[in-house]
Amino acid sequence: MIGETHRFTLRALKTQHSLHLPPFSSLSSPMADPSPKPVPLLKDQLDIVIPTIRNLDFLEMWRPFFEQYHLIIVQDGDPNKVISVPQGFDYELYNRNDINRILGPKANCISFKDSACRCFGYMVSKKKYIYTIDDDCFVAKDPSGKDINALEQHIKNLLSPATPFFFNTLYDPYREGADFVRGYPFSLREGAPTAVSHGLWLNIPDYDAPTQLVKPRERNTRYVDAVLTIPKGTLFPMCGMNLAFDRELIGPAMYFGLMGDGQPIGRYDDMWAGWCVKVICDHLGLGVKTGLPYIWHSKASNPFVNLKKEYKGIFWQEEIIPFFQSATLSKECTSVQKCYIELSKQVKEKLGAVDPYFNKLADAMVTWIEAWDELNNTSEETSSKQPNGAAK
Ligand SMILES: O=c1ccn([C@@H]2O[C@H](COP(=O)(O)OP(=O)(O)O[C@H]3O[C@@H](CO)[C@H](O)[C@H]3O)[C@@H](O)[C@H]2O)c(=O)[nH]1
Ligand SMILES: [Mn+2]
């Protein structure tokens, strides 16, 4: 309402820019709350990043879990379209004009017309943790019928150690009612810092186009009550739909690549990031978890459109995977940025022959790190900072 103040976070970015402010009517204005809610976990240390091409009505269902967190909305597609955000949410919104204004020529490393654009939100955030979710993902129910607070479960996953060096057969040993089983080395029971928490999906599973075409009516109804650490040396297909990570531990590696408009490939944004992230986590001794929490994925994207986007990736990945499986990083790679730059050199060297696209991608990986360091003033720290933040 006129005159009512609204909690709108204006971010002091390196280059001041006028955020794309939707008309005042669609701006947030938190309703006065007579009975203050308990402060949610990591309230001021976590941003929720949402890539979108549509109005964000889905937030209504998430309001009990998300309303007290800051949102970073990355609006893809036509920047003149106004995205409406339900009242009461604290958010900043960036469209393509903002990305171009903030990054200048480096904006060419951020995809257009693809959910890969979400990684811009990771870059501009100033928080320690990120949760990213698609706008067609809703609150799922656990087998008891209780609404699942996906964000709370991700936070638990991130705040407890991982076990990448030795597999615990009773799954997450740090979980209430579980522990390390007999034969688990005591020297390894401290675990490793958790960098990534990869959640899953009920209803529409994240299948590739060929599988979608063969099984158009398949729905995931199986709720598996487990969180697993993905063992060191094992890659995994990371889906960006329901994903959380420690931005200080692994953020610079969460680049979602060159996808969408003008690119020969799509729907491999999160996959590419996941393969780079896992190689770097293994090198730096960080953990990646998958399993709980579930969200309810409501919309299957068009399998024919998806097939066109994925087509080249389906056979390229038969070369990409062996590349990541055999990728090694030197001991001089003591920070995520250094690991990532080293990896980009190997991409150019070893995948450039697969297709010229990988030369472009390798260059974009470097541009991403340059932009990340510039926006986060981390270039001088990069040379000395250990992944756990301790200076050399
Ligand atoms: O051009 C676009 C298209 C979509 N978005 C936003 O991105 C997410 C995901 O979109 P959608 O749910 O339509 O697509 P899915 O196929 O279900 O996405 C999953 O597959 C992977 C494709 O990369 C991806 O990791 C998953 O997200 C929504 O929020 C759209 O609004 C966009 O920004 N630009
Ligand atoms: Mn979807």
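Heads up, residue numbers simply count up from 1 along the chain you see.
Cβ coordinates come from backbone N, Cα and C, glycine included.
Any TrEMBL annotation is an automated prediction that lacks curation.
As annotated by TrEMBL, site 'Required for activity' applies to R182 (among others). For R182 (site 'Required for activity'), the Cβ neighbour count at a 10 Å cut-off comes to 5, with all displayed protein chains included.
Residues or ranges marked as N-linked glycosylation site in TrEMBL: R182.
In sequence order, P173, F180 constitute the residues six or more apart from R189 (site 'Required for activity') in its chain with CB-CB distances below 8 Å. Taken from TrEMBL, the feature site 'Required for activity' covers R189 (among others).
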